[in-house]
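Below: the structure, in structure tokens.
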Amino acid sequence: VSYEVPDIILNCTALGVAGYLSWSLYRTYNAQVFTYVGAPKAITDLYKYFLALQVTLQLELFVLLTAAGLWTSQLFNSYITNISKHTPIYEALVIVYGVLIVPWLLTAWYGIRYENRTITISFISVASLFILASSFMFISPTYRWTFYAWPCLGCFITASLILLIATVVLGSLCLRNFGKGLAQYLYASSNLSSSNFTRGVFERDVEKDGGDGDEDKDEDEEGKKQRKERKEKERKERKEKEEEFESRLGQQRRGEGEGEQGEGGEDFTTRYLHYLPTLAK
């Protein structure tokens with residue numbers, strides 16, 4: 001017990017520091033998301049599922065291999081090897097995990113990044129097989145006894161199952177959201193990043209100025225007033241141009257004789273057609 005108390009204190013301290021750092025990063029990320037001009041909200045929601053899946057897969061790589069390594073160590077370096085009846089099956093499962101884990105991760109990234117349904121379905125199917133294989137391991141009394149007797153191994157096995165289930169759920173959500181613009185956004189974002197394109201930043205800090213609703217309202221009213229004045233000015237200019245055109249038309253008709261109506265009519269049509277773009281403005 002005297003050795004376990006310092007371990008508990010150190011673990012709790014490390015957990016508190018990790019929690020504080022995670023919360024700080026989360027707040028910073030949220031602040032940057034709202035101050036940068038990024039994708040629409042719908043695309044951002046889809047991208048969050050993609051990022052959550054990537055984080056889950058990275059954790060799964062560590063947790064799953066650690067659980068398999070701990071189980072292998074117990075299986076071959078303790079007395080369990082003398083009482084185990086299915087050692088070849090356990091060896092095969094550990095080898096399958098070790099061989100498939102890296103291609104499985106690459107399949108997940110490529111299939112969801114480029115919205116390839118066949119590859120993504122294969123990734124979800126392999127993840128489901130991992131869950132079934134890990135669940136069927138509990139049929140063995142030796143495996144169950146080791147799971148209960150060694151809490152460290154039990155924690156890693158439980159965490160690996162939780163992460164595998166989360167992987168299947170997130171992968172299914174990403175598959176469901178195929179064709180909604182995420183692949184195009186990621187493609188455009190990667191091209192802009194490779195071109196050293198810097199995203200624009202709002203002049204005002206949303207986190208600091210989040211409560212200034214009156215200022216936003218005043219700015220909106222000023223903008224509406226300016227737009228209204230601009231439209232009124234354009235309407236007056238258009239009316240003046242129409243009056244000027246009608247005045248010139250009247251002068252031209254009064255100055256032309258009856259015998260020159262055909263020629264004058266042709267000249268008037270030509271001038272009218274040339275004057276139309278001016279009226280349109």
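Placement of Cβ uses the backbone N, Cα and C atoms for every residue, glycine included.
From a predicted model like this one, the values you see are computed outputs, not experimental measurements.
Database features (TrEMBL):
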- 212-221: compositional bias 'Acidic residues' (COMPBIAS)
- 229-242: compositional bias 'Basic and acidic residues' (COMPBIAS)
- 205-281: region 'Disordered' (REGION)
- 49-72: transmembrane segment (TRANSMEM)
- 92-112: transmembrane segment (TRANSMEM)
- 119-139: transmembrane segment (TRANSMEM)
- 145-175: transmembrane segment (TRANSMEM)
Who are the chain neighbours of the transmembrane segment (119-139) in space, where the CB to CB distance is under 8 Å and they lie at least 6 residues beyond its ends? 64, 90, 93, 96-97, 100, 104, 107-108, 110-112, 147, 157, 160-161, 164-165, 167-168, 171-172, 174-175, 178
DSSP says what for the compositional bias 'Basic and acidic residues' (229-242): how many helix, strand, coil residues? 14 helix, 0 strand, 0 coil
Do any residues, 6 or more residues outside the transmembrane segment (92-112), come within under 8 Å Cβ-to-Cβ of it, and if so which ones? 50, 53-54, 57, 61, 64-65, 68, 71-72, 118-120, 122-123, 126-127, 130, 133, 137, 167, 171, 174-175
